[in-house]
Structures are given as structure tokens and as C-alpha cells.
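Working notes for the structure below.
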Amino acid sequence: MRLIPLTTAEQVGKWAARHIVNRINAFKPTADRPFVLGLPTGGTPMTTYKALVEMHKAGQVSFKHVVTFNMDEYVGLPKEHPESYYSFMHRNFFDHVDIPAENINLLNGNAPDIEAECRQYEEKIRSYGKIHLFMGGVGNDGHIAFNEPASSLASRTRIKTLTHDTRVANSRFFDNDVNQVPKYALTVGVGTLLDAEEVMILVLGSQKALALQAAVEGCVNHMWTISCLQLHPKAIMVCDEPSTMELKVKTLRYFNELEAENIKGL
């Protein structure tokens, strides 16, 4: 596992965007051989999306031959609702870059057959071979996507019940009214994430410090689903300074030394 210790959320966003752009450009995608990118929503990736849009407008990257799969979507929320992940992704990213509409894959939380929707999503991912880079965030309780504590580490795309804590955390997007936050969501599974060639998790804020500690210094434990990344051959944690407050000093010093050359120029 790599840990990229930065100072601010803005630096995390810039580093992550630069990494994505470098991966896409090195891959040299074509219509027949697209780069497959997994994407999250929420507050954490906002600076990354902003930086990606800026880099696209500067001519540093094209998304014409990029295929995307989003991590999750609320169940029962109309896709036109401003807080649906369909709306979020178009508002903050898709509408500002040159990605073709047919290359965008989002779970349908209003599908008449939820099990079939989840199964078809997995099948479509497999049809591309694999996701080359999956970017994500992490919840205060260590959940990735909507794989809440005690999720199976072999799980696939499915419907999940959201914990009260997750709904409270997300209520900031719903006028701070937890009753407006859906109780269920469709989410890729832990196993789906582990199938990706590379997984990059962004970690921001002191409230995520225990989750980061569990991921880096703890044992693999389904109560902290983020810890599954210890099993992944190519996992990256990109974090700001407040999120590292629970790590041991020697742990942080170790990663600072390892990544010194990779965190310059931000």
C-alpha cells in the first residue's frame, strides 16, 4: 500500500487528479481500447473533479476514450433530484469534459428489478475486462462506497441499508434533515473494488483519522471495510494532514520519506 501524506484538501485533489491524468495519458486509450475509471461522489472528490476539469480545459487530458463506472446511487431518489448521484456527477464533472454519454455508467436506483440491475452492472464491468483505476472516499466508520461495517469482503454490487450514522453524515446535502436521506442505496461491492487494477482512496479531515489508522495500521477486518485495501496489490491512500492524526509518528515519517519525490510541486 502507498500512503501519500499531504497537507490540505486542495493538495489531495490536485495530486489525485494528476495521478488520474498520468494514468490515462500513459494508457493511450482508443475507442476500441478505452481506459476504464471508477468514480465516487460526495464532498471528498470535489477538489479532484475541479482539478480534472481544469486540466481538461487546459488540453492536458481527454476523456473521449474513457469509460466510467460510478460506485453507488441512492434507491428511490429520482435521477433528476439535485442530490442524486446522477445529478451530482453531471453537475460537477461530466458536463464539463468531453466524455461521450454512452461511456458513462451509473447505477439506476429506480430500476424495477434491483437484483437484475446490480447483476447487469457487474456484467458490464466484466465486459471491459477490468476497471483500471477506481477512485473512492471513505466514511467516518471506514466504509468504502456504501459497504457499511460488517460487509462481506467478497461482496459484489447489491442493495445495502445505510446506517444511521451514514445518513446523518449525508444529511448535510439534504438541508440537514436526516429524514430526507434515502435509507437504501445500490453499491459496488468490496470484491468489485478489489478486482480493479488500482484503487485510490482520498481521505480528508480529522473525522476520518480512525478509518485511516484502521486501513494502514490495523488488521484486515470487515468492521472496517477500508482495511480490505491491505489485500490489494496496488492501493493508494491520498490524505490530508488532519486525517493522519491517529497514525503513529514513525508510520507517517516512513511514508513521508518514501513519497518525498512524488509530493513535490503541489
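Positions of Cβ are set from backbone N, Cα and C atoms, glycine also.
Keep in mind that what you see is a predicted model, and the values were worked out from it rather than measured.
Quick look at what Swiss-Prot annotates:
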ACT_SITE  ASP72  active site, proton acceptor
ACT_SITE  ASP141  active site, for ring-opening step
ACT_SITE  HIS143  active site, proton acceptor
ACT_SITE  GLU148  active site, for ring-opening step
SITE      SER151  site 'Part of the allosteric site'
SITE      ARG158  site 'Part of the allosteric site'
SITE      LYS160  site 'Part of the allosteric site'
SITE      THR161  site 'Part of the allosteric site'
SITE      TYR254  site 'Part of the allosteric site'
Compute the C-alpha separation of LYS160 (site 'Part of the allosteric site') from GLU148 (active site, for ring-opening step), stating it in Å without decimals.
8
Say you check the Cα of THR161 (site 'Part of the allosteric site') against those of the active-site residues ASP72, ASP141, HIS143, GLU148; which is nearest?
GLU148
Same-chain residues at least 6 apart in sequence with Cβ under 8 Å of the Cβ of SER151 (site 'Part of the allosteric site'), in sequence order, are HIS143, LYS160, GLY189, VAL190, HIS222, THR225
Quick note, ASP72 (active site, proton acceptor) and ASP141 (active site, for ring-opening step): C-alpha atoms separated, nearest Å, by 17
Any idea what the Cα distance is from TYR254 (site 'Part of the allosteric site') over to ASP141 (active site, for ring-opening step), rounded to a whole Å?
25
Spatial separation of GLU148 (active site, for ring-opening step) from ARG158 (site 'Part of the allosteric site') - C-alpha basis, Å:
12
